[in-house]
Amino acid sequence: MVPLPLDLAVTVLHFVFSFFQATRPAGIDYLPVTTTPDPGLPKHVWHNLAQYAPWFSAGTYPAIPPSCKLTQVNLIERHGARFPTKSAGAKIESTIDKLHRVRKFKDPSLEFLRGYVYDLGVEDLVPYGATQSFDSGRGAASRYASLVSSDPVSIPFLRAAGDERVVDSGTNWTVGFKSTYPTVPIAPPLIIPERNSNNTLSDHMCPNAGDAKAADAQWLSSYSPPILERLNRDAPGADLEAEDVYNLMSMCAFHTVWIQRMSAFCGIFEDEEWELYEYGGDIDKFYKTGYGQRLGPVQGVGWINELIARLTSSPVIDHTQTNRTLDSSPLTFPLNRTIYVDFSHDNQMIAIYAAMGLFRQTKLLNTTYPDLDPERTWITSKLVPFGARMAVERLYCSGQGLGLESESGTYVRVMVNDALQPLEFCGAVNGLCTLQAFLDSQDYARADGRGDFDLCYA
């Protein structure tokens, strides 16, 4: 576990509700970092690591138009870079053990494996991941300075799904924010348990939803044979299989964020092979909780309805994943804040994108041949890298010089990893939709998924 960085001005809150009590330990050391370090990866690798890519800006954040004033921002972020899960780590270690059987490598790029011992932890944040969240909090404090003051309305309100790495990321973000505003009494995130309660920040509330295993396996069997042939030729006796290719390529990402420089695992593969790995991540997310999964988008409906409540300063109307005990209390779901920040997982953020209508595709992703359409926007490293973030901004605009139909009014715009979204589903002009048009476009969420949520339990 990476220590959560807390300065003396920050203490961990204990929220006690009628159904549960969530606590966090205090007395944690501060991690003195100021910027997220460069992962040391060439772009052709860095931007092709799919959901394991360290965060990078997918676009240039557009300044607030001169005739507009920012009135609210809603942020949702993925936790920072972590160690592999228990099952993924076991598979990677098994692959490395196979390579230890090789007496003589024929490719010098594999020689480092002779003395390499697998030493990664399980699921917790790595130091690089901690700095990602710290840096994000500090960046948000600068970007949204106009919304910040000691007025209770202008103090950021944070929530986090209950997994330790998510809570840690939220706390690190808090300290990054406070490094700019040390006197603002911002609290660590409200913790929403991952299990045994309704939760809009976790994707566990649709037991009948399918998964992406069949699609993943089909793509792996399509792209891995040439790579596998090369590796088994260069590592005689290893007897690697298709899954071993995926394990070794994933290790490039996990080991890089652990040692904070490019891992030797990355050098095993050719430039064009990384594009195939990225496409595998695109397929996985698309068919797990994205548009390719029948019950994928409905898993993001609850969060969208919470967003609508915040944008309109009105009670949450939802009958899906929302925790109605928490969302009905001004202490645990205030409706008058200028900054809201939620911390979640990649699969849940994908469901939220799909529920909102972002990155909609004209056709299903091909699972046997890479989709090379230059207009394809479903690229996982740009959607949910480690430390991914989406910002939904509410603005009041006069309309002058913006090409907007309305002379004045409230508007919404959305950024995903700094890239301004076109919001074609609500008739956006320069990325700006009227608030009402945005609300109207969210009819799927407002209708509780049009029956899809019932199918989660039918």
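Cβ atoms here come from the backbone N, Cα and C positions, even for glycine.
Keep in mind that TrEMBL annotations are predicted by a computer and have not been checked by a curator.
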Among CYS206, CYS266, cysteine joined to CYS252 by disulfide in TrEMBL: CYS266
TrEMBL annotation, disulfide partner among CYS397, CYS433 for CYS426: CYS433
Using Cα positions only, nearest of the recorded positions to HIS79 (active site, nucleophile) (CYS68, CYS252, CYS266, ASP346): ASP346
CYS252 (disulfide bond) CB neighbourhood, other CB atoms within 10 A: 24
Protein Cβ atoms within 10 Å of CYS433 (disulfide bond), excluding its own: 24
For CYS266 (disulfide bond), the one of CYS68, ASP346, CYS426 that lies nearest, given that the recorded positions are compared by Cα: ASP346
Separation of alpha carbons, CYS68 (disulfide bond) and ASP346 (active site, proton donor) (Å): 32
Residue pair CYS426 (disulfide bond), CYS397 (disulfide bond) - Cα distance, angstrom, rounded: 17
